[in-house]
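Look at TrEMBL and you will find 19-54, 85-120 tagged as domain 'EF-hand'. Positions annotated as repeat 'Solcar' by TrEMBL: 209-295, 303-388, 399-487.
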Amino acid sequence: MYQTLRTCLLSNARCWDADSTRSCQDLFERLDTNKDGKVDVAELRAGLKEMGIFRQGAAQKIVSSGDQNKDGSLDLNEFSKYMKEHEKKLLLTFKSLDRNNDGRIDASEIQQSLAELGMDISKENSVAKIWLLRNLKALYGHSFADYNHSMDNDGTMTVDWNEWREHFLLCPAHNLEEIIRYWKHSSVLDIGDSLAIPDEFTEEEKNSGRWWKHLTAGAVAGAVSRTGTAPLDRMKVFMQVHSSKTNPISLGGGFKQMIVEGGLTSLWRGNGINVLKIAPETAIKFMAYEQYKKLLSSEGKTIETHKRFMAGSLAGATAQTAIYPMEVLKTRLTLRKTGQYSGMFDCAKKILRKEGVKAFYKGYVPNLVGIIPYAGIDLAVYETLKNTWLSYHPDSPNPGVLVLVACGTMSSTCGQLASYPLALVRTRMQAQASLDASDQSSMTSLMKKVVAKDGFFGLYRGILPNFMKVIPAVSISYVVYEYMKTGLGISK
């Protein structure tokens, strides 16, 4: 049914040929199911689903782009104009991908375009070929086995202009960067440690202003996620600072100790500032990332993968430098005893008066050094998991929510494993004012002291509650992010 309807509809979708008025009107009338002379989002969404080319948010984007009188729907004139303008964009994209101007896009040409987008993959790599097949199928929506004319003798895949136009005529994406966007490693999967590579946005999202809605949705998702897992986060910090071989703290014993000392609400100590620092850190990281990418990339060229990673790490370092005093306050407030501080400002005043300005940057070096292994391993594991999934599911049209969340969870966990010893040292240095004078050491001496006293695994004190919070944190942030996108009008 879908194949028949798709062929019937899209063969008539070329609204500016000799029979332009009739063909475009036929398509419009098929989509206008209630026959009111207009096609709204619901009708277009239903039509796209029926045609088998539905994409999340596509109907809303098409209507928004073509709706000149802002009545929330498209009349025949608006529909025709949108289709004509969209084909022009598709043709420009097709020509930019068709490097040898032979009227077809093959695997090597797409490989070259992906490399310029920072996705440098080897054509000889079997995973890369599967990746290309996966994305070409995403472009076209059919099995390429059905199109022998689109494959040469050695199995190279090609797409001609008619095939390209047929698929994308009613799909709002018109450039390769948008087409592969859903495979990006999104930073909305907040686990409380903002060390990942920042999210990226298309030029269209930047120009339309939708980028700030994505950042807002991510910030709210992070706030809810961190609040939901705050007790586990406090337990992690508590064990990092106070647990040792001579003073072992179990998960149950630690929670009992905190509740006895400060009541049930004490489990959320430090959460206020942990949530408060999301907004400035996200904004600074995003702006810094954009500037570093410009500095590291050549004029008019897309930044390569290693330079993107470098830009992300520098952006993370810049954001951490700016908001690091809030990190110190968060640790002190998390570890505080009942009545020690009346609030965030009281804590800041007491630290400044007793320890001076330098206290607000204790643990800064291990925190900065920890960004590299965390972000690097996080990104590498995510890409590896994606490619592994692709190698086993080459025919699947979409990775799905569970796959993306699972990839994000596993990659974040591996990143934490690599950077956790530095996180422990950072936390202990931030809390040094509450420790004995003999424990106030530099990064290297403190690390040596922990290993000498508790062994190598002493550097992983508190990692159990840290791991326990990953899955709920990722799940909560993803669900809230999706609801926020819908509420802000960036996902329909």
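All positions are counted from 1 along the displayed chain.
Backbone N, Cα and C atoms are what each Cβ position is placed from, and that goes for glycine too.
Within the model, the domain 'EF-hand' (19-54) shows a mean pLDDT value of 76, rounded to a whole number.
Summarised by DSSP class, the composition of the repeat 'Solcar' (399-487) is 78 helix, 0 strand, 11 coil. As a summary of secondary structure, the repeat 'Solcar' (209-295) carries 73 helix, 0 strand, 14 coil according to DSSP. When the repeat 'Solcar' (303-388) is classified with DSSP, helix, strand and coil residues number 73 helix, 0 strand, 13 coil.
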